[in-house]
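Peer 1: Provided herewith is a single structure, encoded as structure tokens, for subsequent inquiry.
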Amino acid sequence: MSGPASSTGFHIHAEGLHGRNVQPSKPTSDGGVAPTALGEKSRVEEDERTDSEKKTFGRTPDGTIFTVPPTRDMVSQLLSPSEPKNLSDIFVLAIISCHIFLLRFLPSSSSRVAAFAIIFLFWRAAYNIGIGWLLHMQSNGRTLVCWAKKSNIFVNPSTGQNPHPILYNLLKWELETKIPEQYSFEDAPTEYNTWLVFRRVVDLILMCDFTSYCLFAIACGGRPAGEGFIMLALRWIAGMSLVLFNLWVKLDAHRVVKDFAWYWGDFFYLIDQDLTFDGVFEMAPHPMYSVGYAGYYGISLMAASYKLLFISILAHAAQFAFLVLVENPHIEKTYNAPPPRKRVAVDTDNVKPQDDDVSQDSSVINDNVYSGQAVATLEPSSMHNLLGPHNIDLYRITDSSVLLIQILFSALAILTPSTPVYQFFFVLNAALWRVWYSVGIGYILNRQSHCKMWTRHFVKYGESNQEAWQQWKGTYHLSMTMTYASFIAATWKMYSFPQDWGYGLVLLRHILGASLIALQIWTSASIYESLGEFGWFFGDFFFDQSPKLTYSGIYRYLNNPERVLGLAGVWGAVLITSTKSVIFLALLSHTLTIAFIQLVERPHMQKLYGQSLRRDAGLVRSLKRSLPPSLKQFHGSVDKILDDSIEFIEEFIEAARPKLAAGVKTFVKDTSALFQKYPARITISRLEPDLAGYDQKDYSISLEGTQSSEPAQFERASGKEGEKARSMPDRRGDKKNLMFEYGAPIKVKWTAPLNHSKKDWIGLYMVTDNTSREITRISSQGRWIGTNKASFDSLTCEQGLISSDIVINKFREDGEPKDVASGEMVFSGDKLWWTQGVFEFRYHHNGKHSVMAVSRPFEIRIGRFDDDAIYGDRYGLVRAAIESALLPVVQNCFDRDPEIAPQTVEEQYGSLVDRNGKYSRRVVFAVHQMFGIEFAPEVVRADGNVRNLAWRICNAKKVLAPYSMSRTNGATTPTAEHEG
């Protein structure tokens, strides 16, 4: 895992906006040598440096640097009598007081519960949906800053440009009262002032959210009937402990991240300081949203209310959705931008053509190391993962076998009766599979680590290391799924449906059990995200790579997350069933898992990585720092006892020769869904009343683009038509059909009257999507550009705009010359359609859907690769032709971005191709249309360059030659020569 990085765009680990610790960057000395004695002048210079180090400098997107003044936290500003109060503070306190009075004056307990449930859900929706939408729009289009600039609310009224002088003076007084030091309302950038106003809105929502939750807890609170004093005391002690822990998490998090990250400051501007992780951020991922909500469950425990518990779970889930949909995409875009591509000069004269008879399994290309010679001589590796529902492939024997066995297990568990005999056999079956998964798999890995037993077996029969690896993955995957399928079947057999959900702790046990199962699923997904397919299947037991150990993802906090969290679902099943048999299976699973880690994984890791293995993870380090000296000494003694015990067990097992091993793994379930969707524009579809003032003859649209290849233009005459239609049609006039390359940028030139609306816009549509030429009745889905800058509330609509309102003299269709406004824009990337078809551009009036002009229809077509154009059947000629045809298509699919699009067939793709799947999906669609071969998107990412992809296409065409669409390859269908 990479270390802390600068906030200006270097790679760091995404931990959530509330997970960024900001520490000042220390300026370096010019001379590099400290003086031995300081005079008066030196002391003055040092004091000045110290003062400058205390200042924080911000940087806006346009490069403006400013001093970020110190601010105080929300609670102190509102509740501390020593802090100055302004109108916004009084307003927030008044709203909070209304909540408290409402609780006091509502007549009945049921009305208080219902009212405050609705009020809390309203404020929670305002937080997660309202603030989330504002931040999403600000992140993608800088919408809030655009609103501020369009309204001119931060412009001094003395300039005559601010139509709201009262609002200006109010905001000036409000903000300068709150920030008395190092702040000037007039001099601060618009981004910073916008953030300060946004903070006041956030203060209102957060305070009301917290207050309404506490009042809802008071309304729901009570003591269960028949509860003893001991249970009451335990419930309150546990609840208070969780609340105090929650309070410590919030305070420590605010100490670490300060107000800048607490209020999502980097959605507006960045600060020139280092970002590090400290305190609570070493304990858990996203602590503000994970352990930072422990207080919800503590309050629910003290209130003894299931209503409060269910709403707490709902609010917590909404907060995770906010993290996944809003914060994580922004952090990935802002801080984890792909690094610049390393360009390597390739000597093409020394590259030898590759023999097509070389086995694909003979070598594997390292995705992170690039060499021109290696790319030319090594074949690309396969990319066909096993884990995850999206990777299920029923053509693969492993997947089909696993699916059939799962169906069999489910049928046996459901259709057989739950008698003691069947229960015994299901529990025995689960125990045997667990023993095999631990002892059997552990023995294989141990022998593989010591003497490459598994690999040697396949080499003995002439197979490669890659074949051994693929077979091992299938064996391990089958064993893992069978282990958990048998455990689930045994749990199902031992489970009895509750007759009364309200009796005792039945409902609570089910809630806690389901939570533990969800925790194990999340842990497994996090482990897979950190390790990948290679690490999940213990790839370092099979491949000798240069040892490089990194701790990322969940491994930043825990050394072996599968030891505890990876088995949480097993103990969740124990809580749900409450049977001795499931407790036995859980104990067996946990014991064998620990033995597997200590006896198989740990020795291999020590042998492979040696001293680079860390002793303590982030969570352990944080806990050790919090322990008093006496407990630290006790912890050291316990560690020594555990180490001695483990050493004794290892010696005993080594003498007995059985090898116990287990690793608890589970299916991966991806809970992240990042939606980056540009806002569709206006949906109102009525004629504007002021259209009569505009002459539609003054509006026009003309297009320029890269013409498609000749094969695409001549494919209309393919021999399938009637005899008269097999030749190209005669055209009268000088205009030819517009047919552009797939993915190539299209330049749009427009004209409009001099008084046209500044909110006019041009959208791209399929011709068949609109039946009317006067009104557009379908959204553009982000494929639109405004004709003028600063006319809409998002910067997204300005991407591609080149020029606007350039006055030219134009001859209209009726021959009359007239001065009109003109402009140019380029549609590229996400503003294009990534499919084949016939399209048109539409010019719309005043931000509405009234159509003023429509462009000529144009076609996007991918020409099929013509094998007949290559003379002979030499592999080198075919491959070179494929490379030549493929390179411009791949460049278009990668938006012609020099950071990711290759300039030569040997050059590696940029790293953004691996992060964003849309690029590889564009390429596989184009390959399918050009060559009739369908690849998975993972293949494009695995190949890494055009040369490897061309080799794969050649190989696929060779394998599928009898079924080729070309007339020269086989005669499975009648050709023209055979037709009678």
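A Cβ is built for glycine as well, from the same backbone N, Cα and C atoms used for every other residue.
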Peer 1: Going by the topological domains annotated in Swiss-Prot, do P420 and A942 sit on the same side of the membrane?
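Peer 2: The record shows them together on one side of the membrane, with a shared topological domain name.
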Peer 1: Check the transmembrane segment (567-587) against the transmembrane segment (424-446) for contact, please; criterion is three or more CB pairs under 8 Å, pairs 6 or more apart in sequence.
Peer 2: yes
Peer 1: Is the transmembrane segment (201-221) close to the transmembrane segment (306-326), in the sense of at least 3 CB pairs under 8 angstroms with a sequence gap of 6 or more?
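Peer 2: They are in contact.
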Peer 1: Below 8 Å between Cβ atoms, which of the listed ranges 283-303, 400-419, 424-446 makes the most pairs with the transmembrane segment (201-221)?
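Peer 2: By the under-8 Å Cβ criterion, the transmembrane segment (201-221) pairs most with 283-303.
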Peer 1: Per-residue pLDDT averaged over the topological domain 'Cytoplasmic' (420-423) comes to what?
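Peer 2: Summing pLDDT over the topological domain 'Cytoplasmic' (420-423) and dividing by its length gives 92.
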Peer 1: Check the transmembrane segment (229-249) against the transmembrane segment (283-303) for contact, please; criterion is three or more CB pairs under 8 Å, pairs 6 or more apart in sequence.
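Peer 2: Yes; at least 3 Cβ pairs under 8 Å.
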Peer 1: Taking the transmembrane segment (476-495) as reference, which of 87-107, 283-303, 400-419, 424-446 has the most Cβ pairs under 8 angstroms?
Peer 2: 424-446
Peer 1: Counting by DSSP secondary structure, give me helix, strand and coil numbers for the topological domain 'Lumenal' (250-282).
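Peer 2: Looking at the topological domain 'Lumenal' (250-282) with DSSP, the answer is 20 helix, 5 strand, 8 coil.
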Peer 1: In the topological domain 'Lumenal' (136-200), how many residues does DSSP assign to helix, to strand and to coil?
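Peer 2: Split into helix, strand and coil, the topological domain 'Lumenal' (136-200) gives 43 helix, 0 strand, 22 coil.
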Peer 1: Residues of the same chain, at least six outside the transmembrane segment (283-303), with any C-beta under 8 angstroms of its C-beta?
Peer 2: 15-16, 18-19, 213-214, 217-218, 220-222, 235-236, 238-243, 245-247, 249-250, 253, 309, 312, 315-316, 319-320, 322-323, 526, 553-554, 556-557, 618-619, 622-623
